Ligand code: ATP
Ligand code: MG
């Protein structure tokens, strides 16, 4: 079976078991404060397990793009070194939300593996949770019995809490799991050592392929477990490992999933995979063919490489690949981007989004590669200078903090530093490096530290009713709340059954406002709670308050009034609608390749990142601005359509954003169907006239292939224009109200540069005169000519000029100058090269010594050196001292 057939067979199998097949969620996690990237199939279904929403079906199956490079699951360092852990992989999964449980999950898994895929039964092992006394969870008898009905007892292994008990997080749903492992070794090896003893022992050919999780408990914040009201199944099978097993290979990289990219690498490098003497060449090919998937799909789903957070994770993966190519496959020029087309082709029917953005992804990677190759070069230079510095001191270990700085600041990888160091008979202080790293990790953990109490549940809840499109105020109930300690202080997180508050999403900030409890009158126990932000946690709308001591008020509240700050919301609406008009205008002016790569808007400004490969010229900006303002003046009425089936919306030509997860039904925001027609969940003005006016305030580059513009609307735009007007008026006043301001400034600049020229030539003349005087007063000795003199020169540079010019006129010159420049003492020492060579005199050392008199320091070369200081009164002493030296 090909990998395509294997994937299809999985989905078909579970479809036949009445599962709804859904698309993969984007690789980049949105609205989940605990996750940067989706790292398992269940991530997109979290809310259903937490009871914050209802699934579209109680049985679901899919293949999910996963990335395990950060947080709880981080396999990055293993990737390439072993043959079965990837950064990005597909996780095949089937789920039961309060529907079937262990019996069906186990029977179906076995049926699929052995009947459909025909995997040999005598090579499969299964594990069952042994129980944990401290948690009060018993041995999973139910799973054991079910498995015993299928396989011999000798194929069942007991597993501990680490391997066989799954938890969503520190708190939340959890339960025992059963894993399925496969032994892919040769018959001879199997005869020698039993596969059972190798399960869960990091053997590359005895690997876990499928994990069946049975959720039946909930972990509370105090660590205790309570049974869940209804039980769920969550399974995850590594697609690439499954392909390895079915295609009878011993490495994931030998399957057709990776062979295409490895083939291209072989052609580019002239090396054959698996036939290399240097082991690192094979590792490099695995690393690269793995990483290109992670990087390409992350960019496709909207996560561009950058310097912070998730973007930095992607940049590091990309750099790891480029460096392995550079070090072990001889790629000194960009190569990584060349793999994108192969991948896009391979996945064009599975994850179509890559094919759609092939050119963009390729260009982003190419630019990143170029800049990293430059970094590599500057890192090399830096390393050279560290090494030569060490040589002088006779040490041969590069200190840990230098290694850390090289990697952290210069992006220069540690093992490369070690490799180069080794080539020069140096080593690195590995422990020191680890310490510095640990220190940094500790710092960032502390920064991110958050502590939350359990939710205090007040009412039944089945998802929030968001009424904010139509109302600015609702009557609501408090469903639950909790206290969270953050760096900023203590916060209350409050969940309502219905709310007008928009929770931050799709670039639009969350609403602020207030909750009014028990009427408005204070004397009747009424209370107003300020809401400072509203955020989504998966599908939960969390209203955040920093007010103190709310427990009693929240617990006792009946019907409350939830009210947003409408003035702020109106400004936000204007900015959001303006963003839509702007995108359409951009596509008209710059071309249809312009697609959204990021967006942020609040009540003050709108910021928009988009794919475009060159600077947007002033002329283009003006045309876009004109077009937007034309549409504003047109006062186009908003046409909002809710609950449109997604396919119908896309067929009608609606603009969607890559990397956004859309449901089956979407909302359409239309300002003239022929002009702006977008899938959007945000809030908008009823007609474009309310935006008032639109004005760009900046345009620039964010990263390769992505530009950023910022703009303001309405009141803010007016404010901006007023400010500019004021600045102009001030300048006019300063220039005494000239008729033509531009001309006046131009002539000021001209005058200034003419004066500058005059000054330079005067200074020159002065130095020439000085030179003549100095030569006249020179002391002549038999082997040298000496000038020691306090001089009046305009800059430190003049001392150098003076010394060099004198050298051209006087043989065997030794010249020591002192000067006071801008109130600061300055010294210079010049010694003719031939004297340096004959006598070993060193201007650098001498100047350092003299500098003590002016309370300063300096240095330079043996023939010319300078020093600056802070005590000008010591200049004469310094010069006296100099006279005594020669
Ligand atoms: P392992 O112990 O092999 O790292 P795991 O216990 O981390 O696996 P789970 O979190 O249970 O794995 O994920 C479910 C399945 O996903 C695993 O059975 C395996 O087939 C697959 N899988 C897990 N991590 C990776 C990875 N980094 N690359 C490829 N497949 C993986
Ligand atoms: Mg793992």
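Backbone N, Cα and C atoms are what each Cβ position is placed from, and that goes for glycine too.
Keep in mind that TrEMBL annotations are predicted by a computer and have not been checked by a curator.
The feature domain 'Alanyl-transfer RNA synthetases family profile' is assigned by TrEMBL to 1-723.
If you look up TrEMBL, you'll see 576, 580, 680, 684 marked as Zn(2+) binding site. Secondary structure at residue 576 (Zn(2+) binding site), as computed by DSSP, is helix. In this view, residue 576 (Zn(2+) binding site) is surrounded by 26 other Cβ atoms within 10 Å of its Cβ, with every protein chain counted.
Residues or ranges marked as coiled coil in TrEMBL: 745-772.
In sequence order, 506, 576, 580, 667, 668, 669 are the residues near residue 680 (Zn(2+) binding site), counting only same-chain partners six or more apart with C-beta under 8 A. Counting every protein chain shown, the Cβ of residue 684 (Zn(2+) binding site) has 25 other Cβ atoms within 10 Å. If you draw a 10 Å sphere around the CB of residue 580 (Zn(2+) binding site), it holds 24 other CB atoms from the protein chains shown. Residues belonging to the coiled coil (745-772) score a mean pLDDT of 92 in the model.
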